[in-house]
Each structure stands twice: as structure tokens, then as C-alpha cells.
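Some notes on the structure that comes next.
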Amino acid sequence: MVEMECQRWASKGINIRYQIRENRVGYKAGALKEGLKRSYVKHCEYVVIFDADFQPEPDFLRRSIPFLMHNSNIALVQARWRFVNSDECLLTRMQEMSLDYHFTVEQEVGSSTHAFFGFNGTAGIWRIAAINEAGGWKDRTTVEDMDLAVRASLRGWKFLYLGDLQVKSELPSTFRAFRFQQHRWSCGPANLFRKMVMEIIRNKKVRFWKKVYVIYSFFFVRKIIAHWVTFCFYCVVLPLTILVPEVYVPIWGSVYIPSIITILNSVGTPRSIHLLFYWILFENVMSLHRTKATLIGLFEAGRANEWVVTAKLGSGQSAKGNTKGLKRFPRIFKLPDRLNTLELGFAAFLFVCGCYDFVHGKNNYFIYLFLQTLSFFISGLGWIGTYVQ
């Protein structure tokens, strides 16, 4: 389809080409590096990058290029993602809540305060000179976008986020695809932190406090510790306090403060505020998967460089009414091809803690524990998301 469209425009005299690689060396970073080697790139100043499921509006370049043209210090203009299939199932609604917070708060604030924020890998325009100065695309991790952004930032380049420039895209609507995506998004930054921390410390082109911000806030807190704290506190510490009655967690620490943080995290998607409770349970389940992925990345274990393309079902069409071949409810009485044993194991652990609290406890934690047990159990069986018949 893309090749035919390029041929149609080329027949009208437009300078457009369709090119692909014959191999997957370096995966996405390898493809981007190969693309910049083309002879016609020498005559270009900017490169715009979209993943296959993104649908930019016709005026995308007219609304974004001027920021690069009139400010030579800007290396990247990042657009916001909008999701055509956010209402497809509960899984996509949960993803929308997490990603909307990322765009509305993290990247909006990072851009407006001239602090560092990462490239999202798509829906962005790079100044080719900045890419070259930063050392080009590298395939040493599975987050080549973040890798380039950090190196460019350390050389003094600025980034701009345009929240009102929105590009339609698709969320993974099967739990298997979502797990692979989250593994890459959690493992990659941890692995990049391992490989770049000394390079950041030794850098002489940026101020000391920017180094502290990138190492501590961007990497250590947001990409590593955030997953560990969520998992350890909600899925390990609180349940164990039931089995060890000498340990007491005050209610402000176990309920009030976490509730305030959760409500603040929902500001990006006010239409889904009624799903906050489900989102909390879902994020706690995924914190186990993300914690495991960050440890793999930090210690560069077996799956550190695993690259699995995130499968999409073409829900941009199904959202318009073409739902042929899609089954929107899980096959309850048919087990998946592969059980998620780690999630099932934690479901058993939480169930035991809940039963003990029901019999001997005083804080009524068993209500939360039984609901969290159900969430881990459903995830362990993969009974979430859209299924293909």
C-alpha cells in the first residue's frame, strides 16, 4: 500500500521514494541508520519518523517544521500521540490512562521548563545535524530513541514538545503484545542507564545539576525505582505485614498518600477517572513484570536485548465499524497457549495473605488482597484484552 501511494505521488512530479532493507540488523536503530545513508539525505535538514500504525494529519509538517527553522538550538520536535482504539477494551483504556499522564505531565512539564525529556521513537522530527553530532543511531539497547535523545541533550541540544500537535496511533489490544512492549520499555532504559551513567558523569558540556537531573530523576527514579517501589510496597511489604503482626504501616502511608498520588496521575485522562480502581490493580500487576524487566536490563541478562515487534490488530479500521475477525471477550473456558506462571504464583501468595488477614487481621486488608489476587490470576491466564478468532 505504501509503495503504491509513493508511486502515485511520484507520477505527479513529487520527489518521493519508497525504500526498504533486506535484513533486520540492528532492528529499528539499524533501519534508521541505514535510511540516513541514502544519497538524497545530504540535501535534507530534517527527518520525520513515524511507526507503521501512526496516521499524521496533512498539515503535520507545516505545524512542526517552523519551530526547527526559526530556532537553531532545537534538535527535536515531539508530537503527542492520540489513540484510535482506546475504547476497544479495558486493556486499551488502562494504557491510555498511563500514556496520557506521560504526555500531559511528564513531557509537557519537561518541555516548558527546558528540562530533558526523551524522544518517544515516533511522531517526531529530528534535525539531522543534531543526530550526526550526537553520534547517530546506535543499536546497543532496545531504546534507540532514548539513547539518541540523551546523547543529543548532553551536547547541549534542546527539545520541544507540542501537545496540540496530535497524531493518531494504535495501542496493543492483546495482553501478550502489551507484555512484550512493556518488557522492552522497562528493560531498555535500565540497560541504557547501565551503559551511559559514567558517560553522563564524565560529560563536560552540561552543568552539574543537569547531570543530577538526568541520572537521578529521569533514569533512577522514573525508569527504575518507580517500578520497584510500586511492586515491593503493594505486592510484598503490605501483604507480609499481615503475616508479621509486629510490623505496622500507618494508614496515611498505606491508603491516604497513595490515593492522592493515584488521583493526580489521572489528570491526563479525566474521562476515565471512574476506572481508577481497576487501573491501580492493573498497574500493580504490571509492576511485577516491569521490575523483572529492569533487573534484566541492569544486569544485562538473557532477554536484555530481546526485540519483539509489538503486534497491532489494525484497530483503526475496527474503530470505524469493521470488527470482522475480532472477538471482544476472552475465551474464558479455553486456556492460553502459555500461562504467566510468575503472576499466578503471586496470585497464590496474595490469596494466602488475604485468607490469613480475614481470619486474624485487624486492618481489613483482605478486601484489597482478594481483589489484587483476582487481578494477578486474570493476568496469569491472559484473560484481558481483545482476542482474535
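Glycine residues also receive a Cβ, built from the backbone N, Cα and C atoms like all the rest.
Just so you know, TrEMBL annotations never went through curation; they're auto-generated.
According to TrEMBL, the domain 'Glycosyltransferase 2-like' annotation covers 46-243.
Marked as transmembrane segment by TrEMBL: 212-244 (among others).
Annotation comment: TrEMBL describes 256-282 (among others) as transmembrane segment.
Annotated transmembrane segment per TrEMBL: 341-359 (among others), in sequence order.
Residues or ranges marked as transmembrane segment by TrEMBL: 365-388 (among others).
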Which sequence-distant residues neighbour the transmembrane segment (212-244)? Criterion: at least 6 residues beyond either end, Cβ under 8 Å.
106, 115-116, 118, 150, 153-154, 186, 189-190, 192-193, 197, 200-201, 254, 258, 283-284, 287-288, 290-291, 294, 298, 346, 349-350, 353-354, 356-357, 360-361, 363, 365, 368-369, 372
Using a Cβ cut-off of under 8 Å, list the residues of the same chain at least 6 residues beyond the transmembrane segment (341-359) that approach it.
235, 239-240, 242-243, 285, 288-289, 292, 365-366, 369-370, 372-374, 376-377, 379-381
Looking only at the domain 'Glycosyltransferase 2-like' (46-243), report the model's average pLDDT.
94
